[in-house]
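Annotated in TrEMBL:
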BINDING   B:103, B:144, B:177, B:178, B:179, B:180, B:185, B:263, B:264  ATP binding site
DOMAIN    B:107-294  domain 'ATP-grasp'
């Protein structure tokens, strides 16, 4: 057997779905998981339970793996360099991944290659925030810790210098950004392999609720074809310039005055690409695996005119399984993806995909199912 | 967590692909596998290695499972009854499964409910075979041991009473059947749940080489619509009359004179349904899981005008992974499904699916990829 061993660091749902996509390739999949109960640890055969922040644990895990990839961006950069020095391919590599780990580094680099970003600057204290505001259109200003934030955590929107104290308490550098006057959020998902092949998925619209992704529509409705193409090209260029290997999600703001600005980068399969599991010829997970193994990439084109993904968040009652009866009977075409996670209010515990010719119908079906699973719709 | 535990007996590729299809449902999947290296054992978290012929092993395994289902039909009927007596739902149950285990029982039952079958009779020795031949159109006659055969094993085509000695040596009852003058083989795949819901996949054409399934075309080309409908209805009726729960494959002969006769039954996901993984809205594996859990079934309709499956058999060289480079680069829409099995000549080690609008193109792509993986095509 010459089939390779892919080592996945992190046991969340992205690892779970990457394993699912890797099974047909006949590869071996090894998981480094925080706990034996993690989402992916429930469904993967070879699970090592350990702390990815510990270099010895990482090194032990990486031994015998042909490549290491990630469920999240939290592995310390210096650990990744150590693995590379040991001769283990790390994909994406530390030089690329740092742009998804550190928003300050990301902004500097994107500005350096001419990618349109919101106005931004590293700020040192609330007075500096006030100065940043005064240089532009004033408050509100968005403040972000450069490391450690996700799903709206580590992000503040402040209306005055007085409100700007909290972000500085963590002792992490803080990035100030203009609050972009956007009409909607988009995402451009691309996948790139070590030898430089890259594919772009159609640009999607991503709708957030309370800072958490709620709905993704593929392709983004009523997006100018030229603008969609420019966004795809921009994501491909970022992947190339930053040397990304694997999946890259570029979260975008579409502004009222028609520009497209980069919000965030993620270098792993991404919530805005979950629709591809049922809606694209090759899913983001399958292409991520192919990319980290330097295999030719699969066709990223959609299989249906419209695909909609809606996240299933934890609600007030914990028994989502009983909701399957209603959801599956109501919509035999519905695609449910649950992550094996305990239900906690607001926690992403799954998503649903629907697809078809009529966007209103596709949207309604996905929203109904996600709402029923969560318990906010009961009829 | 109220998500159920599905216990799968048997660690082959059907179990592997059933697990893959079960991951999105968030269920727990437990495997009873002959060895730790079995196809499914490589990718499932909870694996018990043991012998399914041992009742104590089965009972230990079934404890804590909400339902038991199967990768194969070899579990002794009396063991299944014992599990049922212990209060464990067994799906399909022993009263149904016996029809897929014993060809004699199957023929008697199908004849009893008026399902068209080849002329057949249990025979006791070579002289009896000659008598059976004389009652019809003479030799050749097909002889089958009523239990234990698959993929052409346990089946003989004999031209005389002298050739008919071997099938009787095993001491298993032997079924004689007319050698049907068929123009092609078809398969009708249906799925039925305990509360009686059932769905039918489109009837497919199944092409065998040396008694082993080689190519499946969905739907069967140039099949009269009325005839396709009758075949689907027949499969649904068999599932209902026999009380099948889960996937039922009805292998069919289409005769030169326009009749459709039942060849074999399989009560589990089946090679003739592998195309559904990429070609149907809901795969046979997903629907099998839904059926054994008594969940509403998913839509069985095709997603493309044509889907073709070609099996990848082991060839002369063991390194199929290196063939991925060519196959994936040549056809970015190709779907490869490898089973993690060591290559042995003639062994089913994987399959490929292709789909599209043009049957010739879809067939060519699948054949090329399967041939290249096997090593019989090198350019």
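Note that the numbers count up from 1, one per residue, in the order the chain is shown.
Every residue, even glycine, has its Cβ placed from backbone N, Cα and C.
Remember, it's a predicted structure, so these values are computed and weren't measured experimentally.
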Other CB atoms within 10 A, centred on residue B:103 (ATP binding site): 25
DSSP three-state assignment (helix, strand or coil) for residue B:103 (ATP binding site): helix
Neighbour-count leader, CB within 10 A, binding-site residues: B:177, B:185, B:264: B:177
For ATP: widest Cα to Cα gap among B:103, B:144, B:177, B:178, B:179, B:180, B:185, B:263, B:264 in Å: 18
Residue B:179 (ATP binding site), number of other Cβ atoms within 10 Å: 17
DSSP-derived class (H/G/I helix, E/B strand, else coil) of residue B:177 (ATP binding site): strand
